[in-house]
Amino acid sequence: MIVAASTTNATKVYGKDDSAVYALNNVSVDFYSGQFTAIMGPSGSGKSTLMHCIAGLDELSSGSARIDDVDLSTLKDKALTELRREKIGFIFQSFNLVPTLTADENIRLPLLLGNEKGNEEWIQRVINTVHLNDRLTHRPSELSGGQQQRVAVARALASEPRIIFADEPTGNLDSTTGTEILRFMRKAVDELGQTIVMVTHDPVAASYADRIVFLADGKIAGEMLEPTPEKVLDRMKSLGN
Amino acid sequence: MFRIALKGILGRKARLVLTSLAVIIGTAFLAGTSVFTATLDRTFNNLFEDVFKNIDGYVRSTEVIEGEFGLQERQRIPAELVDQVNAVPGVADAVPDIQAFARIIGKDGKPLGSEGAGPPTFGSVAVEFKGALWTISEGQWPVGASEVALDEASARNGNYVVGDTVKVVAQSGSREFTLVGIASYGDVRSPGGATFALFDVPTAAEFLGKPGFVDAILVVGDGSRTDEELATDIDAIFDPALKIETLTGAEVTKETQDDIGEALSFFGILLSIFSSIALGVGSFVIYNVFSISAAQRQRENALLRAIGASRRQVTRAMLTESVVVGIFGSIMGFIGGIGLAVGLSGLLRALDIDLPQGGLVVTPGAAFNTIMVGLIVTVASAYLPARRAGKVPPLAAMRATALETAGPGRIRAYAGLASVLLGLVTIGAVTLGATNSLLGVGVLLVFAGTIILGPAIARPVALVLGRPAAKLRGVTGTMARQNAARNPKRTSRTASPVLIGVALVAAVSALAASINGQISDIFSEQFTGDYAVSSQAQGFGGLSPSLATDLGKIEGVQSATGIGTLLVKIDDKGRTLTVITPETIEGNYDIGLIDAKYSDLDKDGIFISLDYAEREELSVGSTVNVVLADTTERALTVRGLYEFNDLAGNRVVSREMFAGANVNSFDFGIYVTMSPGADSKEVRASLQAAVDDYGQGKLLSKQEYIDEQAGQINQLLGLIYGLLFLSVIIAIVGIIITLLLSVFERQREIGLLRAVGMTRSQVRTTVRWESVITSLLGAVLGIVLGLALGWVVVFSLRDQGLTSFQIPVGTTIAIMVLSFIVGVLAAVYPAWRATKVDVLEALTTS
């Protein structure tokens with residue numbers, strides 16, 4: 001399998017010497033192309049930090065993070081920004097959209113920022129997949145929470161990124177809407193061949209993934225393939241949640 | 001609650017500084033101007049205190065003509081009175097004093113001192129005397145018709161040393177003297193930057209004024225009686241018919257100081273008008289900052305309300321903050337103002353206006369005033385936002401922050417519209433014949449209406465103005481455009497200071513352009529010669545009348561005529577007559593005579609304008625009685641009427657009318673026509689040589705002269721622009737503060753944009769364009785309002801002869817370009833701050 005993103009001995013330390021706190025401690029992990037991976041762990045386990053560091057939003061204290069074999073620590077702010085724009089898609093828990101832009105503009109935002117046209121056929125397919133055709137001219141304030149999150153999914157997909165990072169994408173939604181979003185993400189992997197890495201603490205959400213990477217105390221605490229909510233819940237309990 | 005307010009302020013020091021900035025700048029100008037005028041005031045008071053320090057009595061004529069524009073001419077007194085005064089018991093010494101226009105010509109042929117705008121240039125007497133104002137610091141006192149002494153500063157500036165030949169120009173023409181002495185005045189090189197050429201008494205009387213006459217007599221007593229007794233004793237020797245009075249030293253000091261004080265108070269009023277404008281503009285910024293701050297703290301305030309704080313307590317907490325800001329800002333502003341005053345004094349020194357030592361006058365009163373005004377303006381500006389803060393429902397604490405995105409109320413839109421319409425109707429009524437005084441009301445209504453309407457029109461106008469940005473800059477431009485339009489209230493409050501400043505500039509320049517156009521039309525029509533010599537002197541002195549005569553003798557010149565002014569009394573009121581030379585004016589200058597010829601004007605005649613004839617019910621053959629400055633009377637017969645009174649005024653007399661009288665009269669312009677077929681280059685060269693010989697005035701071709709006359713208004717314009725510049729600075733500060741607060745408020749949005757791939761330079765672009773759109777919003781509305789205001793002013797002056805309104809195209813374009821630049825500059829710091837937003841922090845903090 002092709003590795004889309006990876007870390008080697010990723011370490012993130014806050015503070016110094018005695019008061020040093022390890023958010024990540026020697027984490028080495030690969031994320032495979034065409035797979036839907038979930039990162040799970042109790043709060044404070046470092047799962048968000050891991051995602052931020054691989055996505056080029058945060059810097060590691062030592063070790064390396066790579067997207068497509070590009071070592072992120074070698075990039076300056078501008079190159080890093082461009083890499084995020086071109087190779088990474090983001091779905092955040094909330095406040096995903098720019099309030100002054102329409103749904104359509106929000107979807108195309110990474111392309112517009114890069115002054116690129118993008119693949120129009122692909123974009124239309126994405127918009128169809130998330131059922132947003134009749135909402136394109138609306139602004140975020142005129143959309144429901146679920147619709148807003150669908151726009152965010154569409155934006156993450158629009159530029160055909162190498163990898164999509166989702167940070168608790170259903171955390172702010174009711175379970176029906178959340179399920180809908182997870183289905184779209186699943187569809188994006190199955191039908192559109194995308195790569196998704198999702199941070200979550202919800203076993204149900206994690207069960208949509210192909211593979212789960214567990215984190216505890218800043219270290220890898222195991223993996224699970226073909227998860228179900230029950231199996232995930234059991235494992236989480238054993239992690240001392 | 002008070003403690004909470006204080007904690008809130010100290011917790012946000014950066015915001016305190018930002019909010020205070022508007023107060024600081026507004027009050028700094030106020031403080032600076034008041035300190036500066038107080039300093040000038042005291043400087044001149046001290047100066048004249050010194051001047052008359054040793055003088056116990058001052059003898060002069062009681063007869064004085066006070067003309068328009070503060071012009072004044074006092075009758076001279078016979079020189080032989082000096083001996084009579086000297087004979088009065090108790091008088092130790094008495095000397096004559098003469099002070100009149102004279103210019104010292106430098107070695108390069110150019111007059112010393114700036115012509116026109118600068119300090120005056122004097123000719124005076126220098127004699128050895130107990131109460132002498134002048135002391136000779138080098139050489140000796142001038143004696144006889146060929147000797148002169150110069151003040152120290154002039155000697156130095158002109159590189160003159162004792163023994164040099166110095167040319168001096170006065171009313172009677174130009175003459176060369178030998179420099180025998182260099183004089184200093186008290187402890188300064190020259191008083192107030194004025195230049196002085198000093199002569200002995202007979203020379204001064206003959207060269208500067210009229211032989212045998214002096215302006216006043218300075219008296220020093222022997223100490224045997226008080227100054228008051230001495231003055232009474234001196235008065236007693238004169239026949240009341242002579243109309244002579246004696247002032248004590250204290251009285252003449254006081255009078256001079258009052259005169260100067262009056263002139264300075266005009267200056268002070270002018271400065272305070274502009275500092276009021278600046279403070280008014282500043283209050284918009286303060287109001288805006290507190291509004292934004294209240295909106296951003298909505299949740300915090302709601303929480304306070306939820307846990308039991310009353311509305312009043314929330315409001316009061318915010319007002320407390322405004323008091324702290326007001327006091328802090330005003331104190332800083334006062335300190336800044338002192339710096340400003342130091343700068344202004346430095347500027348004067350750089351212009352070679354040498355003020356006696358004494359330092360700045362910083363009174364506790366000025367400090368108190370500044371702080372009180374700053375405090376009141378700040379608290380008043382914060383009142384509405386504070387009240388609004390108190391009205392926040394406790395429930396808002398539970399909701400996500402709904403920042404002031406609410407659109408403008410309908411009532412506001414209607415109120416604004418009603419005000420604008422009412423204003424327009426009022427102005428319309430005036431154009432249809434209602435009284436002029438309603439114009440001001442109309443203008444005020446339109447202005448107030450536009451400001452009220454601001455939030456309602458800010459969004460559509462910002463969207464239109466932002467369209468090019470969106471086209472040009474893609475998604476960053478689109479976001480800038482939407483950002484400018486998203487908080488219409490905030491945008492309009494931010495643009496209002498720009499609007500006010502721009503409106504004033506546009507109005508003033510429209511007025512100036514109209515006057516300008518009018519003046520060139522008038523000169524094109526009335527000045528029919530080929531060349532003109534123009535005098536830059538304003539009010540005091542001018543071209544020597546003999547210059548016109550000399551120019552007329554040059555080969556290739558058909559005729560040259562001088563036009564001047566003469567101050568007289570008509571019906572006991574000071575009036576200015578226009579003086580012409582009927583023999584030479586024909587073909588040079590046209591005043592639009594009706595059924596009359598210039599040659600009809602003899603020494604007993606007068607021409608009057610049609611307007612004047614109608615107003616005073618005079619006609620050809622009527623008699624006009626005038627009293628000259630030397631108190632002699634003339635009964636003048638109206639010999640003709642004329643049409644053009646724009647420049648010639650309402651009364652024209654011949655130079656012969658006052659020939660031999662003891663009065664001052666200078667020409668303000670000389671008009672020259674070439675002989676047919678003469679070579680214009682040669683003629684110009686000879687004219688130039690003659691003018692250079694006199695060392696005053698400027699030789700100009702017809703077109704150059706017209707441009708120069710029309711351009712004079714631009715000097716005034718420069719001053720007004722300079723004063724309005726401060727309002728522009730405050731407007732810029734307002735934009736900076738608003739942008740900073742907006743950037744702060746939109747941290748999450750910026751973080752998100754950065755995460756999905758917006759580069760730092762794109763972040764900067766977005767902020768920059770939002771700033772430019774806001775600035776242009778103010779500029780466009782300001783130009784529209786300002787031009788309308790300009791039109792109204794021009795219209796209201798239609799009776800004063802201002803008939804055509806002109807749009808200042810160049811200035812309008814310049815304003816647009818400048819407001820673009822202002823937008824870009826104001827965005828520099830906020831844009832930089834925006835790029836410093838920590839992406840992760842912005843995304844993860846809720």
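In case you wondered, yes, glycine gets a Cβ from its N, Cα and C as well.
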Matching range for TrEMBL feature annotation, transmembrane segment, among B:197-221, B:322-346: B:322-346
Cβ contacts the transmembrane segment (B:719-744)/the transmembrane segment (B:366-384), at least three under 8 Å, sequence gap 6 or more: no
For the transmembrane segment (B:413-432), sequence-distant contacts whose Cβ falls under 8 Å of one of its Cβ atoms, 6 or more beyond its ends: 438-439, 441-454, 456, 792, 795-796
Two-stretch contact, the transmembrane segment (B:438-458) and the transmembrane segment (B:772-795), at least three Cβ pairs under 8 Å: yes
Leading stretch by Cβ pairs under 8 Å, where the reference is the transmembrane segment (B:495-515) and the options are B:264-290, B:322-346, B:772-795, B:807-829: B:772-795
Number of helical, extended and coil residues in the domain 'ABC3 transporter permease C-terminal' (B:273-394), per DSSP: 101 helix, 0 strand, 21 coil
